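According to Swiss-Prot, the features are:
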BINDING   9, 10, 41, 42, 74, 75, 184, 185  substrate binding site
ACT_SITE  73  active site, proton donor/acceptor
ACT_SITE  183  active site, proton donor/acceptor
């Protein structure tokens, strides 16, 4: 395994970000770390969240010799990034809600942000709105239950559409033309969200922008030279190495199947003392 790209989230939402990165770097090696023992992150005290994330990520970076870390979690990105960057010598990329492109795309100038309550209430989010959407009416919707519904869908293939419609009723009533998906879990249920909200609402997430940032940073750090070498080798054999790591005592058979279908050949539980 060459130096991997490490993607980190509390659950399976980061798979949506990993998929976007793989479109740009299809022959790279990847590690996916999901801290499902502490899901959802939005309900944790900030210092507890920071200590746990730093311990987990730094341990796995040392173990795998990762060349970049992607924090594919909006909650962790607003809380943990400074501590991770202080403890790591490699680039660390976070997630930024797509407020700016949403404001630029909106014709009605009525946009919304659907995220966890933690992301909705943080000063960073309101700063983005003030900076990039001051000409828009912005509605904020915080919902942790959608995170667990996305996890449930991936694990079982099932989605309670009646409950989803109830949760999205305030979004429908707001009469928006663009809705920002401010949690990386939400692209995993984008089809269901679109079904409830209708074709008149454009859904936007940050996956493509994150992938672009990863490529830029790898280029600046000269890691892209290594990536080209790996690409040439992988084109000959037609595969890349994919490893998944989780923190819960066990994961469901359905989730294991999903990870295998995504290309992960190694699925392993890891623990930390923090």
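Here the Cβ of each residue, glycine as well, is placed from N, Cα and C on the backbone.
Annotated features, which come from Swiss-Prot, shown on the structure.
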{"residue": "9", "record": "substrate binding site", "DSSP (3 states)": "strand"}
{"residue": "41", "record": "substrate binding site", "DSSP (3 states)": "helix"}
{"residue": "73", "record": "active site, proton donor/acceptor", "DSSP (3 states)": "coil"}
{"residue": "183", "record": "active site, proton donor/acceptor", "DSSP (3 states)": "coil"}
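Around the Cβ of residue 74 (substrate binding site), the same chain contributes 95, 97, 115, 116, 119, 182, 183, 184, each under 8 angstroms and 6 or more positions distant in sequence. Sequence-distant neighbours of residue 9 (substrate binding site) (same chain, 6+ apart, CB under 8 A from its CB) are 15, 17, 32, 33, 34, 35, 71, 72, 73, 76, 184. The 10 Å shell around the Cβ of residue 184 (substrate binding site) contains 32 further Cβ atoms across the protein chains shown.
Within the same chain, the residues at least 6 positions away from residue 185 (substrate binding site) whose Cβ sits under 8 Å from its Cβ are 11, 12, 13, 16, 146, 147, 150, 151, listed in sequence order. For the substrate site, whose annotated binding residues are 9, 10, 41, 42, 74, 75, 184, 185, the maximal Cα to Cα separation is 13 Å.
Other residues of the same chain near the substrate site, with their Cβ within 8 Å of the Cβ centroid of 9, 10, 41, 42, 74, 75, 184, 185, are 11, 13, 39, 40, 73, 76, 116, 147, 183.
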